[in-house]
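Per TrEMBL, these features apply:
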{"type": "BINDING", "residues": "Gly16, Pro17, Thr18, Ala19, Val20, Gly21, Lys22, Gly23", "note": "ATP binding site"}
{"type": "DOMAIN", "residues": "9-188", "note": "domain 'Guanylate kinase-like'"}
Amino acid sequence: MTDAHERRSRLVVLAGPTAVGKGTVAAEVRRSHPEVWISVSATTRKPRPGEENGVHYWFVSDEEFDRMIAEGDLLEWAVVHQAARYGTPRQPVDLALASGRPAMLEIDLQGARQVRETMPDALFVFLKPPSWEELVRRLVGRGTESAEERERRLVTAREELAAETEFDVTIVNHEVHAAAEQLVALMTHSPTDL
Ligand SMILES: Nc1ncnc2c1ncn2[C@@H]1O[C@H](COP(=O)(O)OP(=O)(O)OP(=O)(O)O)[C@@H](O)[C@H]1O
Ligand SMILES: Nc1nc2c(ncn2[C@@H]2O[C@H](COP(=O)(O)O)[C@@H](O)[C@H]2O)c(=O)[nH]1
């Protein structure tokens with residue numbers, strides 16, 4: 001493996017449609033590979049039951065999010081599902097990469113495109129559902145959105161699925177542990193080895 005490839009693999013950007021399982025797979029990586037650093041995003045969305053500030057997200061006000069943008073604190077940010085703003089705090093990413101830890105961002109397509117511009121050496125991974133029907137089942141089964149919000153998310157999901165070819169690698173999330181292991185392997189192996 002070349003030095004260039006090692007640099008390329010250390011930051012993984014994970015994206016994919018709503019409810020494909022990005023958060024679940026990221027939680028599995030956190031559980032089984034504590035050596036991997038995972039970014040905690042800031043969002044203006046309200047917490048879901050069980051979500052903790054600083055663990056799942058930094059839940060911030062619109063004013064605080066405006067301040068973070070103005071002060072250049074965010075590596076990327078976007079309005080997602082036409083509903084709330086989400087962004088990646090820049091400094092923790094820089095610190096994780098400087099410390100040599102493998103690092104991962106779990107963000108939407110718009111954010112991934114921004115990171116592609118500023119950090120083209122990152123590895124862009126698309127998490128894909130086994131089928132559209134299974135994606136809808138997971139979204140409904142999660143039970144965290146209203147029917148109206150689910151519809152909005154599925155509109156974005158169609159656009160995100162169409163962007164798969166922009167990514168370096170696709171992982172199909174059939175099973176959570178297997179998907180997490182494939183993701184971690186990408187941080188240490190060439191995609192062509194898998
Ligand atoms: N491999 C899998 N098999 C079956 N169910 C899964 C799998 N992965 C995730 N799920 C379930 O699918 C639902 C959506 O998962 P999750 O919330 O992680 O998706 P997400 O991609 O982070 O969604 P969003 O982009 O909307 O935040 C959850 O109920 C989760 O338990
Ligand atoms: N561009 C960014 N997108 C992000 C970030 N953190 C999360 N996300 C994406 O938002 C949607 C919705 O998440 P949810 O928790 O409300 O279901 C999902 O696609 C996430 O990947 C971020 O920092 N930047």
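Placement of Cβ uses the backbone N, Cα and C atoms for every residue, glycine included.
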If you draw a 10 Å sphere on the Cβ of Ala19 (ATP binding site), how many other Cβ atoms land inside?
24
The answer for which binding-site residues (Pro17, Ala19, Lys22) have a CB under 6 A from ligand 1 is Ala19, Lys22
So, three-state DSSP: helix, strand or coil for Pro17 (ATP binding site)?
coil
If you count Cβ atoms within 10 Å of each one, which of the binding-site residues Val20, Lys22 comes out on top?
Val20
Row Gly16 (ATP binding site), column other C-beta within 10 angstroms, all chains, value 28
Cβ within 8 Å of the ATP site centroid (Gly16, Pro17, Thr18, Ala19, Val20, Gly21, Lys22, Gly23 excluded): which residues?
Leu127, Pro129, Leu135, Arg138, Asn173
Go through Pro17, Gly21, Gly23, the listed binding-site residues, and name the one with the sparsest Cβ surroundings, counting other Cβ atoms within 10 Å.
Gly23
